[in-house]
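Feature annotation from Swiss-Prot assigns active site, proton acceptor to 328. Summarising the annotation, Swiss-Prot assigns S-adenosyl-L-methionine binding site to 262, 263, 287, 308, 309.
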């Protein structure tokens, strides 16, 4: 072996050993459960698992993979990842996840293809990739079974999130380079002209207008958003709603207390109302007509009012105007207009406020999860923002940042703003 090649091999060995040592140290730090510091068992103030350790462990695992493969082969990881997603989505569409025995008993490709009415050789080709990286297990020649990871896809909430990401946002993200080429490297600022509209050829419509033409797709996206909010309710409790409302003079039962603007199917406002039990006033959910009409469950003690983010806020004088995961869908100029429409409804600048529940990204060391979410929102003109970006955006709408409530275990935060 030539000296240069030998030195390169030795360098790779050192890198692999270093990465293994890093992983071992992180595994020792990995915690299974963190005591919740919340209002009750149903509403923790922070995630049960410290995500910072989870993400650091995943990051070091990827670094180990790169060290093992080396620079050249690592480039092709991207191709493998895309093909893996493609194969999983195809198998999902064929019905493989539902057809395999849920008790993890093995099934041959022949039996599976016959059950599904699909081509056996095609099935084998797709399962190759999905047994190398998962989620399925290859238990024999052209014989497969479920694993704990593939069974997760049978959860409707997981299913909707997977479909929404792969069918709606992945095509848009893969067109980002083309959008930037067409627009001279400038980020999208118009919801009718962005990577999403380019990928899906929406004919001048924004994402929501486009999806409204396809009820099944729209239902999947709305269900995915509901699943995300339902699975992660704890950020709502970062803001001390009860304490804030109790500091105000007593109100009548007709006074608007909290308005959840763009609140989807009411997950957040339901949590807030529970936190504020016994306090007089109205709790209001606002969203687009089709969203409110599609809520499948009863919202006790919560009013529903149709709204348009880009028109003046219809309910004046509320104690708290709440925006959760709304502004990250929009470019900065649009966010300013949304906040200004809320400002038009504020009648007392000293007591009434806006609370924004969004990510506040660190200036460095952003996790892969947060970076992924940021690029997903970029596809429709939005952004996950840093503190510096929020402190530029909010004053541009005439507000000041009073407090930022956050958790060390996540980038999620609650930004309290008052009108100047």
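Placed from the backbone N, Cα and C atoms, the Cβ positions cover glycine too.
Taking CA atoms as the reference points, residue 309 (S-adenosyl-L-methionine binding site) and residue 328 (active site, proton acceptor) are 13 Å apart.
The two recorded residues residue 328 (active site, proton acceptor) and residue 262 (S-adenosyl-L-methionine binding site) have their Cα atoms spaced 12 Å from each other. Under DSSP, residue 328 (active site, proton acceptor) is assigned to a helix (H, G or I) in the three-state scheme. Annotated S-adenosyl-L-methionine site 262, 263, 287, 308, 309; additional same-chain residues within 8 Å of its Cβ mean position, judged by their own Cβ, are 261, 286, 288, 291, 307, 326. Residue 287 (S-adenosyl-L-methionine binding site) carries a strand DSSP state (E or B). Around the Cβ of residue 308 (S-adenosyl-L-methionine binding site), the number of neighbouring Cβ atoms within 10 Å comes to 13. Neighbours of the residue listed as 'active site, proton acceptor', defined as other CB atoms within 10 A of its CB across all chains, total 20. When the binding-site residues 262, 263 are compared by the number of other C-beta atoms lying within 10 angstroms of their own C-beta, 262 comes out lowest. In this record, S-adenosyl-L-methionine is bound by 262, 263, 287, 308, 309; the longest C-alpha to C-alpha distance in that set is 12 Å.
Secondary structure at residue 308 (S-adenosyl-L-methionine binding site), as computed by DSSP, is coil. Shown are the binding-site residues 287, 309; of these, the residue with the fewest other Cβ atoms within 10 Å is 309.
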